Amino acid sequence: MGLSDDLQLQPILFGLFLSMYLVTMLGNLLIILTVSFDSHLHSPMYFFLSNLSLADVSFTSTTLPKMIVDIQTHNRAISYSGCLTQMSFFMLFGCLDSLLLTAMAYDRFVAICHPLHYQFIMNPRLCGLLVFLSVLISLFVSQLHNSVVLQLTYFKSVDISHFFCDPSQLLNLACSDNFTNNIVMYFVGAISGFLPISGIFFSYYKIVSSILRMPSPGGKYKAFSTCGSHLSVVCLFYGTGLGVYLSSAVSLSPRKGAVASIVYTVVTPMLNPFIYSLRNQDIKRAMWRLLRKTV
């Protein structure tokens, strides 16, 4: 059903979301190129960052291009198979985002709490394994969610009060008993949400405890500054996601929930490159070197 039925608002929405999508693509691809081509950034932290940027590009591309085309063509229809495909990729890349943020929190934990063993622990093999496991778990969660939705019965033609095939909306539209499916969905939520958040909280609990034991204020500031960008992205991603969940639970209007969902599906992936580039001197210097080479 999109975000609004107002015809006068459609050109504004088209221009707004097209520009946001282009900025998201440009910012994240610039991060990937910078990390790939600059040898100074070939470290675990930036390896995870480039994978996070790739996940963000994919996450946004799952929903936003379809919405932009719908606004332009004034046709919001989507097939059953198309809806399942969109929902599957949405779950895949959303869960991958969450797990990569957890891997990055573990990287910061090792760097601050075990600095002498950092190179040994965070070796290329472990970093590759963490990314591989993140993709594997995300695929499992996505397919498990798909198997649940495939078992539900729907009317032939339904209205989804959202700008994409939101998993929670699809469950609410089912006309069959979904008690067992809800249990599976809580299990999926635990894997993709609760466990990553617990891992991040534990990592930062250890990080803060270690930083507070440092004798010099300069050491404390330097340690905190290395976590600042990651902590900002974590708060933005989980904070907006939790805000959307709470607002949809309180609000009776599904449209308001759809508008709130824009924050974590569009705004967060768009802001991530700016957060890392503005707060990180290494990224800024590497970007300037890359721009000088290309020019």
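Note: Cβ is positioned from N, Cα and C throughout, glycine not excepted.
In TrEMBL this protein carries:
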DOMAIN    27-276  domain 'G-protein coupled receptors family 1 profile'
TRANSMEM  12-33  transmembrane segment
TRANSMEM  84-106  transmembrane segment
TRANSMEM  126-145  transmembrane segment
TRANSMEM  183-205  transmembrane segment
TRANSMEM  226-246  transmembrane segment
TRANSMEM  258-278  transmembrane segment
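Contact count against the transmembrane segment (258-278) (Cβ pairs under 8 Å) is highest for 12-33, out of 12-33, 126-145, 183-205.
Remote same-chain residues near the transmembrane segment (183-205) are listed as 91, 94-95, 98-99, 101-102, 105-106, 108-109, 137-138, 140-141, 144-145, 148, 167, 171, 227, 231, 234, 238 (criterion: CB distance under 8 Å, separation of at least six residues from the stretch ends).
Beyond the transmembrane segment (84-106), the same-chain residues lying 6 or more positions past its ends with a Cβ under 8 Å from any Cβ of the stretch are 45, 48-49, 51-52, 55-56, 58-59, 62-63, 66, 78, 130-131, 133-135, 137-139, 141-143, 145-146, 149-150, 164-167, 170, 188, 191-193, 195-196, 199-200, 203-204, 230, 233-234, 237.
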